[in-house]
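First up is the structure itself, then whatever we jot down about it.
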Amino acid sequence: MVQPIIQDQYTAARAYFASVIGLLFIESLIRLPAFLVFRFGQGRSTSWSNAAHWKVTVLTHKLLSLPSPIPSLLDYHLPHVLRFVAFVALNVVFGLNVNEYSTDFKLYGWLTIANAGLGLLLAPRTNLFAILLRIPTPILLQYHRWIGIATVAQATTHVGYNIQHYIQTDQVATSFVASRIRVGLMAWISLVLIFLTSLPIVRRRQFEIFYYTHALFFVFMVGALIHTTNGPEFLLPGFFLWVADRAIRFAYNFRRIEVKSVTHYDGGVTKFRVRGRMLTKMLRPGQVVWVQLRSVSYLNWHPFTIGSDPNGTDGTAILAIRGLGAYTRSVQFASEESKREDAPFERTANTGDRLKMRLDGPYGVGRLQWGAWPVTVLVAGGIGITPAISISSYLVGKASRSPQQAVSHIHLLWVVKNASHIAWFDEELRALSEIASREDSLITFDITIHITGSAEHALENEGSRESQLKSPGTSSTGAPWSPQAGRPDIAAWFANVAFMRLGLDAAVNVCGPRSLMDETRKAAITASTEKGIFHVEEEAFQL
């Protein structure tokens, strides 16, 4: 058997805890300096001149950006794999043990406590690792999942070895007389229940079960503190941060949210225009809020992307929710008018005080600093347009308020199934395009829309609908875009953007089906050269 690298088990757990924190600080060192330069540079790129990259820089960028060769089994690209290997290696190295005596099994208990404390540190929505160290929220979520799995694995190993020992020595009955053993078993069962309800099949179909079962972690924590010594130093720091976060979230509940209007669209999309004190001032592109609608449920809170309303001058924000699950389908009937059987597909209700909504947030730190690059590329599939609208609204609004910044460019590619789906954000896209087309504007906004379903009929319907909305300076269809039939050639589209913006680096956001994200990532890699690099951020919201 392999000897443990640190003989004292308590010291080994502390060293493991510090090592994982070290991984997080490495993540911060990659991004925090760029954020500080961007922040103290008044929120704009330090250099908007022509890009000139070394070949080795471009090659390294492409290698780190490659999508998974087996996306059906593994969605991660190389940086994800590297951090996963590092995390697993720490668990394996610190878990090396001779397992000769029953006291050796305590090592896995210590590692369980250490992992649980780490998981609790990453649990708050107002996360210090994200806010202060600028570690992207999706990366923290990855670590949180891996740490959760490691916690269950180490706890199961600890329980398994001990039960095996009790069976071999005929001590099962006498061992479970001790309250410490019973409490420890209760803590392990709590972890297993959390793990089972966190599996994708439960998390995606029964979100409420997944969400509320996590409360069992506090059963585990109490049991762990009773079962072992020195547990507080691992568990209490994260617990106190969670309490502070919960106090902030509780305060948000008293923030008055006014639902100005609710619009229902074909395709099961409901769009809310909301206004709340300090809401848009706190808002950053691509962030999410947790939404509670009292007419749907008092208990259910669900996360959705939120963006500023480009038409709003009074701090209005937009939420778009598509009915893909039980909760989101219930949102379609949130307002009284939507419950009528004869209600039309596209309709707007001025709800006033009739519809009660509470918002928790906004939360989230992205991988990219929007506005740090002169070119922004947005690729969206269906309702995945919501992050693109959020980012576009932020950039266009920023350009209109900052007359001294250099000219920047936005290129949007939106893929929808039916022409009627364009109506989801028709108004916002028109408003953004109108602002960008002004003579004094320092930003350009190019829109490309592809309709993949029933192409010819879809385009006829789109042309008929748009012809009723013509305005001066628009195309023959009355919109600042010309819908195209069929699926887009994303590689060719990226090549065209690279040609138009030769010598400029670009930030890319893609949100949609996995196939669209992989195709976009490959196209961005191919289009990256010494004269311009495309930096990709995927928007795949998963809890």
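Any Cβ shown, glycine's included, is placed from N, Cα and C.
Here's what TrEMBL has on this protein:
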| type | residues | note |
| --- | --- | --- |
| TRANSMEM | 15-38 | transmembrane segment |
| TRANSMEM | 81-99 | transmembrane segment |
| TRANSMEM | 105-123 | transmembrane segment |
| TRANSMEM | 181-202 | transmembrane segment |
| TRANSMEM | 209-228 | transmembrane segment |
| DOMAIN | 252-369 | domain 'FAD-binding FR-type' |
| REGION | 457-484 | region 'Disordered' |
| COMPBIAS | 457-468 | compositional bias 'Basic and acidic residues' |
| COMPBIAS | 469-479 | compositional bias 'Polar residues' |
Tertiary contacts of the transmembrane segment (181-202), as residues 6+ beyond its ends and Cβ separation under 8 Å: 145, 148-149, 151-152, 155-156, 158-159, 175, 209-210, 213-214, 216-217, 219-224, 226-227
Cβ-Cβ under 8 Å with the transmembrane segment (81-99): same-chain residues at least 6 beyond its ends: 1-6, 12-13, 15-16, 19-20, 23, 27, 105, 107-108, 111, 139, 142-143, 146-147, 150, 153-154, 157, 161
The domain 'FAD-binding FR-type' (252-369) [mean pLDDT, rounded to integer]: 75
